[in-house]
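K.L.:
Attaching a single structure in structure tokens format; questions to follow.
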């Protein structure tokens with residue numbers, strides 16, 4: 001009997017040990033039940049504006065908060081992609097009236113893991129926050145961009161015909177034309193008449209210094225047969241006509257584009273324009289974007305105005321800088337995409353991208369769950385169907401948003417010399433080779449002149465070998481004769 005009781009006691013103790021080990025607390029601070037399901041207390045930050053990312057609504061019938069939004073749907077998709085089971089308990093964390101947005105986000109992160117096991121929302125990954133929490137990989141587009149009103153239409157002036165080419169390309173074309181005129185003048189200087197011309201007309205008079213520029217241009221527009229006599233001259237003229245043909249076709253195409261295509265441009269060109277003319281710019285109140293504008297971009301803090309949501313963004317942009325609003329909004333790309341989804345018809349994302357790490361989920365420092373969730377985030381973000389469905393639910397057709405946020409370049413539509421540098425180089429080499437072949441006698445004369453001067457110099461530097469005859473020897477010679 002004692003032996004049977006002893007075996008039963010040992011078996012009971014073994015079962016209790018198994019149950020206790022399966023209810024042990026994980027390193028993330030969450031409890032794992034006996035059936036292997038991890039319970040997570042999810043802190044969800046709630047701030048005013050941008051309900052597309054996090055939306056918290058009190059349900060009076062069920063006496064609880066209903067939590068939804070882009071960040072929540074992505075988190076649920078990531079949880080479903082995990083290799084283990086997770087039980088989620090959403091706990092909204094509403095901002096206090098006296099608490100700023102920046103300190104509000106930091107406060108919820110500092111309550112991990114005492115109050116929350118993970119924080120989910122539009123929480124930007126930042127170095128100073130990573131000192132007390134671990135972030136997963138980002139699940140949103142990274143970067144801080146600039147939102148500006150865009151200008152439709154075609155800016156046509158009386159000088160629009162020179163706009164297809166930049167000034168350096170116009171200058172290069174003029175120089176190469178004059179160079180070809182000079183080369184043809186050198187090549188054809190000894191030719192007096194052409195076969196189709198009268199003997200009385202001097203062909204050399206047609207290629208004077210006055211016509212150096214006009215001759216290549218006239219041949220490019222109205223080419224004539226047998227306008228030059230030498231084969232090398234014809235080769236140079238052929239190369240010039242090829243260059244002129246490419247330039248004329250490019251000019252026509254670019255001018256047509258400028259005259260017909262709707263040019264979408266921001267109301268200013270660069271960040272230097274904003275600072276130079278003292279324009280007011282906006283940012284999201286409490287966001288780290290303020291630090292980027294002041295510390296990195298060197299904006300005057302007095303020229304910065306903070307706003308809380310996309311509707312205040314819209315009102316400020318409509319007023320403009322001189323009307324009490326702003327001329328541009330700086331914010332993270334996900335927030336700007338949310339703005340474009342609502343007011344995207346007359347606005348565009350422009351300018352360079354300033355580095356930020358995007359949104360991520362925050363876990364306790366050195367949590368073993370961070371790695372699992374990061375791997376699941378990769379699987380979800382690389383799944384087009386899942387992400388497309390979530391993005392279309394909160395931001396509309398993502399293709400339309402991307403089309404509206406097409407990056408606008410502040411560069412001029414004019415073609416530059418760099419676009420045709422290779423063609424100009426080929427033309428220059430061809431002209432040089434033709435000139436060398438055509439003027440062989442000149443090079444030979446130059447070589448002979450060099451040899452002549454070299455020989456003279458060598459003869460002058462050689463010591464004299466004359467024989468000096470003494471007077472006594474001369475007298476002896478005469479007596480002998």
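A Cβ is built for glycine as well, from the same backbone N, Cα and C atoms used for every other residue.
Curation does not apply to TrEMBL; its annotations are automatic.
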K.L.:
Of the ranges 104-124, 125-145, 146-166, 167-187, which one does TrEMBL flag as transmembrane segment?
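P.N.:
Going through 104-124, 125-145, 146-166, 167-187 one by one, TrEMBL flags 167-187 as transmembrane segment.
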K.L.:
In sequence order, what residues of the same chain, 6+ apart, have a Cβ less than 8 Å from the Cβ of residue 129 (L-glutamate binding site)?
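P.N.:
Correct list: 105, 106, 109, 123, 135, 362.
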K.L.:
What's the number of neighbouring CB atoms sitting within 10 A of the CB on residue 124 (L-glutamate binding site)?
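P.N.:
Excluding its own Cβ, residue 124 (L-glutamate binding site) sees 21 Cβ atoms within 10 Å.
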